[in-house]
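Colleague: Marked as Mn(2+) 1 binding site by TrEMBL: HIS96, ASP122, CYS207, ASP209. Annotation comment: TrEMBL describes HIS124, ASP126 as Mn(2+) 2 binding site.
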Amino acid sequence: MPSQNKDKETQFGILGFECDEGVRRNQGRIGAKQAPDKIRKFLSHIPVPHSEFSLYDYGNIVCENDRLESAQHELGKVMNRLLNRNIFPIILGGGHETAYGHYLGVRSYLGNGPSIGIINIDAHFDLREGGEPSSGTMFRQIVETDPKVEYFVLGIQRFGNTEKLFQTAKQFHCDYLFEEEIEPLEKTFSKIQDFSNRHDYVFLTLCFDAIDSCYAPGVSAPSPFGLHPKTVRKLLRMIARLPNVLSFDISEVNPETDENDKTIRLASLLIAEFIRVRSVETAPSSVE
């Protein structure tokens, strides 16, 4: 079973997924393919609080000629290479179809044996069935075909998912918390810890439409009753400390619908905070 050596300096690899074909197929607002380079620009201007990590940029995987599936598999291949070099991947989406390529990379790295827990901070289940793969199908694609995966969603919106999707979540034994159930955070942290303990490895995906549209207007599907950025930051801090978390992606940031780069700036700061915490701490602690 692969292991992550925490005795050495933590190495992070930034990898962009320049794609919103899945959003187009899902009839959402396209533009997320522009996010990786925009996020990089703002991330590069954030002061470094300490030097106990290395950060490398591995460029972008580009979805060409609407070939989503090919781009997802390429993302998985590069992810696998980074993980084999003991580099912690930070993936910049792109639409949330990014998460399927993310999964392919983690599973190919681990092999078929270890169990994987997927933690998704999201307003939506993304468990749709049928038709072409899109930004609304990827978690169903995963749980239908991989019996060693469990799925936990934080921030579900009651009016953002159909009754059929709630039934599908029940069918596949998915754990979830509604947006209004995230507080108090102590209970949520306990649930996250229990979920992590049930699995050999965990990966994290953050869909930006989980965040209140007042703070994150630049997304495909804005959420007026979404999570506060400070709540998301606390969730990221807690998850970054999990010793078995392998990788992190951030998706659905859409520069075309943003207001004065508000969403881009927030995404950059949340990534910087995840890197800061992951590079110096590995044991879960109390609410910050």
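Glycine too: its Cβ is placed from the backbone N, Cα and C atoms.
Curation does not apply to TrEMBL; its annotations are automatic.
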Colleague: Where does HIS96 (Mn(2+) 1 binding site) sit in DSSP terms: helix, strand, or coil?
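Modeller: Reduced to three states, the DSSP call for HIS96 (Mn(2+) 1 binding site) is coil.
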Colleague: Let's check the environment of HIS124 (Mn(2+) 2 binding site): how many other CB atoms sit within 10 Å of its CB?
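Modeller: For HIS124 (Mn(2+) 2 binding site), the 10 Å Cβ neighbour count is 25.
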Colleague: Which are the residues of the chain, HIS96, ASP122, CYS207, ASP209 excluded, whose CB is within 8 A of where the CB atoms of the Mn(2+) 1 site average out, their centroid?
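Modeller: Not counting the recorded site residues, we get ASN120, ILE121, ALA123, HIS124, ASP126, THR205, LEU206, PHE208, ALA210, VAL219, ALA221, SER251, GLU252.
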Colleague: Distance between HIS96 (Mn(2+) 1 binding site) and ASP126 (Mn(2+) 2 binding site) at the Cα atoms, whole Å?
Modeller: 9
Colleague: In whole Å, how far does the CA atom of ASP126 (Mn(2+) 2 binding site) lie from that of ASP209 (Mn(2+) 1 binding site)?
Modeller: 12
Colleague: Which three-state DSSP class does HIS124 (Mn(2+) 2 binding site) fall into?
Modeller: coil
Colleague: To the nearest whole angstrom, what is the C-alpha distance linking ASP209 (Mn(2+) 1 binding site) and HIS124 (Mn(2+) 2 binding site)?
Modeller: 8
Colleague: Please identify, from the binding-site residues ASP122, ASP126, ASP209, the residue with the sparsest Cβ neighbourhood, meaning fewest other Cβ atoms within 10 angstroms.
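Modeller: Candidates: the binding-site residues ASP122, ASP126, ASP209. Fewest Cβ atoms within 10 Å: ASP209.
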Colleague: Under 8 Å Cβ to Cβ from CYS207 (Mn(2+) 1 binding site), same chain, six or more residues apart: give me those in sequence order, or none if nothing qualifies.
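Modeller: Spatial neighbours, sequence-distant, of CYS207 (Mn(2+) 1 binding site): HIS96, ASN120, ILE121, ASP122, ALA123, HIS124, ASP126, SER251, GLU252.
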Colleague: Which three-state DSSP class does CYS207 (Mn(2+) 1 binding site) fall into?
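Modeller: Its secondary structure by DSSP: strand.
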Colleague: Let me know how many other Cβ atoms fall within 10 Å of the Cβ of HIS96 (Mn(2+) 1 binding site).
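Modeller: I count 34 other Cβ atoms within 10 Å of it.
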